[in-house]
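Down below is the structure, laid out as structure tokens.
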Amino acid sequence: MTLNPHYGQSPGPGSVSLPGTPVHSIQTIRRRVAGHHGPLTKILVANRGEIAIRVFRTAHELAMHTVAIYSYEDRLSAHRQKADEAYQVGQGLTPVGAYLAQEDIVRIALEHGVDMIHPGYGFLSENAHFAKMVEDAGIVFVGPSPDVIDSLGDKTKARTLAMKVGVPVVPGTPGPVARFEDGWSFTEQHGYPVIIKAAMGEKAEFEDAFTRAVSEAKSAFGDGTVFIERFLERPRHIEVQILADAEGNVVHLFERDCSVQRRHQKVVEVAPATHLPEITRNAILADAIKLAKSVGYRNAGTAEFLVDQAGRHYFIEINPRIQVEHTITEEITGIDIVSAQIQIAAGGTLPQLGLTQEAISKRGFAIQCRITTEDPAVNFQPDTGKIEVYRSAGGNGVRLDSSSGFAGAQITPHYDSLLVKVSVSGTTYEIARRKMLRALVEFRIRGVKTNIPFLFRLLTHDVFINGKTWTTFIDDTPDLFKLVQSQNRAQKLLAYLGDLAVNGSGIKGQVGEPGLHEEVQVPKFPNREDPSGLPLDASLPCEQGWRTIIIEHGPAAFAKAVREYPGVLIMDTTWRDAHQSLLATRLRTIDMANIAKETSYALANAYSLECWGGATFDVAMRFLYEDPWDRLRKLRKLVPNIPFQALIRGANAVGYTSYPDNAIYDFSKKAVENGLDIFRVFDALNYIAKRAGGVVEAVVCYSGDVADPKKSKYTLDYYMDFVAELVAEGIHVLGIKDMAGLLKPQAATILIGAIRKKYPDLPIHVHSHDTAGIAVSSMLAAAAAGADVVDVAIDSMSGITSQPSMGAVCGALEQTGLGTGIKYADIQALNLYWSQVRLLYSCFEAPVRASDSSVFEHEMPGGQYTNLMFQASQLGLGTQWAEIKKKYIEANALCGDIIKVTPSSKVVGDFAQWMTSNSLSKQDVLDKAEHLDFPSSVVEFFQGYLGQPVGGFPEPLRTHVKADLRAKFGKHITDVDVSSYVMFPKVFEEYQGFVEKYSDLSVVPTRFFLGKPKIGEEMHISIEKGKTLIIKVLAIGSVDEHRGTRDVWFEVNGESRAVAVEDNSAAIETVRREKATADPGSVGAPMSGVVVEVRVKEGQEVKKGDVLCVQSAMKMESAVSAPVSGHIKRVLVHEGDSLSQGDLVVELSN
């Protein structure tokens, strides 16, 4: 009897509700809608997950009451909630064992009045004993009879059955083959290739292979008999969906191509099969029905075949259950297979259900992809965890069957990794394929890895596009594993913002919150043609500027044009040296980019913009987590007209040690390719600069005072000789770099005047700092003496340790006949923008409020002045700033009165802080040099890593310093990344790890990058063109006492998301460290800092001078060495430990 004998008929009059009657239950409503009056009303699904929900949905459409079972581990699973009733099964058993507890399942069914049990797929679906137990309990089993299940479960019986009814099987010997002659006769009949062990070729080769296979079998098992079977090369896996009733009616619902498999597990299925010869298709369909009828099959099943390259088909087996991929057959036929299963089990016949072969047709194509929580990059290793974000596909022709597909779902290791089945349909195979790609793109699954990247590669491979896959296609195609991973940008950004909300900014050097909490406003600029008209339209950048000459005519023509310019040109240092001097080099790319197009107009007549190189290169990666190469490319696109200038050291490029010439040249070449035009090339120790490509501006680093006859080292003759050497190198432009602000007006007149007199055609570019407050006067004097270019910074970013004011210098030069071509109104508009930005970065400002003419004594570079003040504060030496300046003078003397510019200035600065920290005078250092552990930078300086200073290295330090090389790592990345790594291996590695964790943060507005987000504040973050994330912090949860984390809740584009953030203050462990004593074997930390490497272990023998560990404070590394020889008694530190000066590091025993 059918489950719904009156399906489709209108309810009778008695079914109409009368006024005042009680509200109907959902079950009553279901029955009325379905018109159901049959006796079988309650169904239990002996399964879990997706297939359980699939059956429940159809059962509800049939007005049935549904019952779920669940293991303890599945107590929160979705299938339990989709059923009308749910009961735990298999208490005390394993997660899988619970669903195999046959007696318990039947018990639950009987106790709760279940009429039918649907086994789903997997678990007990092909267990004849379970089917019989169900039927013996008086419950209807939705599936074949127990006897049929048993007969089809034995593949040997199924093969024999197929041969009996004339269905082809893979040819094989009917029994074991003991003699070669018998094997050869089989091969002659069925052809090559065949399987023994492995065989291909002629008769002689077959005989050899047969002999070896027999030998191996005898050796392994004591029996030399073997079987021979036809080997199918690149076969297709074709299966036929069949339906049969209890009266012997059998129909097919056409075929599915399940060839895309991995380890015999289906990955993607297609219905109907493409490029299948019609004669083969019809033969397969007919054979499937023939097999089903021969065994008296009932209910749904699948007959599976292999098809070889010649179009011949071979029976494999019949699966007596619903298949995972049944959905695509439903899509092309419009038939609900589960509904048919239930109604056939209830006694319905195929004709009663309207399922005759003539009535069944197919339309279009359908494809199913199984999205699993597996990582294809790691051999499809299953992933577990909490789904943080789940956004699914939808729309026309897309069907989803899932269970755990929702945000917050916990993916456990107990069951299969299937997350959701995606089935799509279209009128053609290609339309269906494209629809599947679209659906996969729409998915956003975060928190666990999925196989979606692999499915992308698979669906876009030519073989799949052409519909000609085979069963080992995945194994045979390694290209499929060249995956394109999802960037997961939104969730990674939330991780950063969540950490910021809980722990505050972790950017080194930041003190407090940003001084500006509103968006920086870009001011309007006056119209170029009509100042009284509409403001400048800067939607597109300006194309006219000095860079055109470089591009069209080359560096030499550019230098010639600069020299011929009647006035004086400027270089704006705002984008590099100015913020290095004032804001600890912390200016981010986004704040330059936001004003870049306007700058291209306002400073169109500028000689250059200094925007790259120097300390900005490593600081971008080290503290701002930005790619310096990306900065260069972005700004170049926004400012195509003004030459870009970088500060490059001839021997060091942007690093702090010497590199091979090929590394320097390669770095320079890549810089030009990425948008750089002018190299301001210098060596910290004034070695001859090397030609680097682009415009070479070779630099004379200025120190001393050429106007002071008492200064005898860096005299006018010294500089003139050095300039002569540079000119002989064929430089384009001469740079005078006064990095400390020592160049007084009279000295500028003398030096520039002498150079101009001797080299009338040589362009001269002068750079200084305003530390002493005289830089504006010095630049005017240099211009009057013949300089072609002077360096300035926008007014709000000028003065003190930065460059002189752009407005002041340009305004003054306009009255001398040496105008710069920069308009006053444009300078003021730029100044409005940068005054806001400086306030935004006020949390990095050093406490320098006025000029300091003591620079004439200590000669500290402007950029270093503020940075060193900050470093001293971080090292606990902030109150000893005056003493550090004195030690700086002494350290410089110990180094030989060197030219102080990065990296040599860092050497002197590290030296000075180390001397202050250890209360050492100049004489103390000279007397104790043999026993002291010097900072690594000082050691490398005396080893010659920075080059050689004028006059050579002073003794006695050179022979007593100790250092150790750190091992380098390497990996294949982009060319510019390789260059970054060559310069800063450790910094680059840390930067890559940060970006992997938090994504590209350069797109985050600075006030949100540095400041704690406020609850309810809306953040607009543009992650790429046309894609903006609108993020709002909703709440910050309480501390999880077990994990020390807090959940931070966000709203992202209207969707709620949560990230777990480690609260750094949740569990603070106080470590009281033992202090070193005066004993020679008691080795203490020479300064405060972090242990970056431990090189010894307890019991190890060391000699005097061996490095015990390496300590880092800010950018300065220092080796801690054994003061005496002996054995390591105790090691009291580990990598990452924070130490104070004097903390015991290692204890030695003699």
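Each Cβ is built from the backbone N, Cα and C atoms, and glycine gets one as well.
Note that the coordinates shown come from a computational prediction; the quantities given were computed from them, not determined experimentally.
Copied over from TrEMBL, here are the features:
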type	residues	note
REGION	1-22	region 'Disordered'
DOMAIN	39-479	domain 'Biotin carboxylation'
DOMAIN	159-346	domain 'ATP-grasp'
ACT_SITE	Arg321	active site
DOMAIN	568-828	domain 'Pyruvate carboxyltransferase'
BINDING	Arg649, Thr902	substrate binding site
MOD_RES	Lys737	N6-carboxylysine
DOMAIN	1071-1149	domain 'Lipoyl-binding'
MOD_RES	Lys1115	N6-biotinyllysine
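Projection of TrEMBL feature records onto the structure.
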residue: Arg321; record: active site; CB count, 10 Å: 24
residue: Arg649; record: substrate binding site; CB count, 10 Å: 29
residue: Lys737; record: N6-carboxylysine; CB count, 10 Å: 24
Between Lys737 (N6-carboxylysine) and Arg649 (substrate binding site), the C-alpha gap once rounded to whole angstrom: 12
Cα-Cα distance linking the residue listed as 'active site' and Arg649 (substrate binding site), given in Å to the nearest integer: 74
Summary of DSSP states over the domain 'Lipoyl-binding' (1071-1149), given as helix, strand and coil counts: 0 helix, 40 strand, 39 coil
